[in-house]
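Undergrad: Below is one structure. I have some questions about it.
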Amino acid sequence: MYGIEYTTILIFLISIILLNYILKSVTRIMDYIIYRSLLIYVALFALTRAQNYGLNLPITGSMDTVYANSTQEGIFLTSTLCLYYPTEASTQINDGEWKDSLSQMFLTKGWPTGSVYFKEYSNIVDFSVDPQLYCDYNLVLMKYDQNLELDMSELADLILNEWLCNPMDITLYYYQQSGESNKWISMGSSCTVKVCPLNTQTLGIGCQTTNVDSFEMVAENEKLAIVDVVDGINHKINFTTTTCTIRNCKKLGPRENVAVIQVGGSNVLDITADPTTNPQTERMMRVNWKKWWQVFYTIVDYINQIIQVMSKRSRSLNSAAFYYRV
């Protein structure tokens with residue numbers, strides 16, 4: 001009898017000791033998990049608040065998220081600014097240290113050294129083939145040229161707006177545009193696009209579907225072409241597949257981390273006349289100086305006012321963002 005009682009008491013004590021050990025082990029494990037989670041959270045928080053140096057991120061699709069406007073206190077300490085300029089500017093300035101000089105001037109406006117990037121492009125036509133806008137704020141300087149006015153207008157329409165695009169297989173399908181916001185965007189070293197509108201019996205309207213020469217030409221030897229046709233009508237499409245791509249795109253709205261500075265010209269290009277531009281506002285400005293030093297001085301002087309009409313974005317942008325839907 002006493003042996004049974006002793007055994008019961010012993011088992012009870014062992015159970016208490018074992019339970020106490022288990023509870024302590026669980027507590028240690030939970031402490032480890034909690035402290036490790038806090039460490040990871042602090043590290044990630046520090047990284048997200050750190051300076052973004054404009055890495056070439058492979059972002060596809062239109063996934064931008066609007067951040068607080070630049071009037072927020074301390075915005076320049078956690079933001080990057082990209083300034084895109086033509087080769088003509090650096091050639092005219094002819095000074096190996098001109099970028100360093102401008103960086104020091106931007107510093108007086110609150111932009112830390114290393115937060116402003118200067119990116120050169122050869123000409124508007126080539127830049128339009130592969131526009132890469134990786135900074136939080138992007139200013140594109142375009143020298144006005146009467147002969148390139150339409151190219152400038154199309155490039156501005158492209159980079160000042162968000163586009164959601166899908167590839168097009170013209171060998172298998174006919175395509176139609178569903179509304180004013182629906183366009184076909186072609187890019188490449190040389191794009192010639194022809195279309196043949198079809199009736200309900202898929203017969204050509206004013207053209208022969210079997211004769212490409214009878215198609216209507218809507219773009220010829222262009223590097224960027226935003227094609228607009230009559231809505232609700234199927235079209236058979238032909239384009240130079242070896243040097244060009246074409247995508248079926250829908251304009252989603254303004255891309256507010258991009259602004260265009262037009263250099264010269266009597267009037268600033270107006271893309272708001274396009275009914276797809278909604279609201280009817282644009283981030284296009286004009287400076288009228290003959291010398292590029294004057295242009296850059298003006299931009300430095302007014303950089304903070306320019307930024308205030310823009311919004312910071314969370315994603316980088318490259319030409320793939322115009323092409324593939326996520």
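In case you wondered, yes, glycine gets a Cβ from its N, Cα and C as well.
These numbers come from a predicted model, not from an experiment.
Annotated Ca(2+) 1 binding site per Swiss-Prot: Asp95, Gly206, Ser214, Glu216, in sequence order. The annotation Ca(2+) 2 binding site is assigned in Swiss-Prot to Gln177, Asp228, Val229, Asp231, Asp301. According to Swiss-Prot, the disulfide bond annotation covers Cys82-Cys135, Cys165-Cys249, Cys191-Cys244, Cys196-Cys207. If you look up Swiss-Prot, you'll see Asn69, Asn238 marked as N-linked glycosylation site. Per Swiss-Prot, the feature signal peptide maps to 1-50; the stated evidence is sequence analysis.
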Undergrad: Same chain only, sequence gap of 6 or more: which residues have a CB within under 8 Å of the CB of Gly206 (Ca(2+) 1 binding site)?
TA: Pro197, Ser214, Glu216
Undergrad: Return the residues near Asn238 (N-linked glycosylation site), defined as same-chain residues 6+ apart in sequence whose C-beta is under 8 angstroms from its C-beta, sorted by sequence, else 'none'.
TA: Ile170, Val193, Lys194, Val195, Cys196, Val212, Phe215
Undergrad: Among the disulfide-bonded residues listed here, Cys82, Cys249, whose Cβ has the fewest other Cβ atoms inside 10 Å?
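TA: If we count Cβ atoms within 10 Å for the disulfide-bonded residues Cys82, Cys249, the smallest count is at Cys82.
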Undergrad: Between Cys135 (disulfide bond) and Asp301 (Ca(2+) 2 binding site), what is the CA-CA distance rounded to a whole number of Å?
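TA: Roughly 20 Å, rounded to the nearest whole number.
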Undergrad: Between Val229 (Ca(2+) 2 binding site) and Cys165 (disulfide bond), what C-alpha distance do you get in Å?
TA: 17
Undergrad: Taking just the CA atoms, what is the gap between Cys207 (disulfide bond) and Cys82 (disulfide bond) in Å?
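TA: The Cα atom of Cys207 (disulfide bond) is 47 Å away from the Cα atom of Cys82 (disulfide bond).
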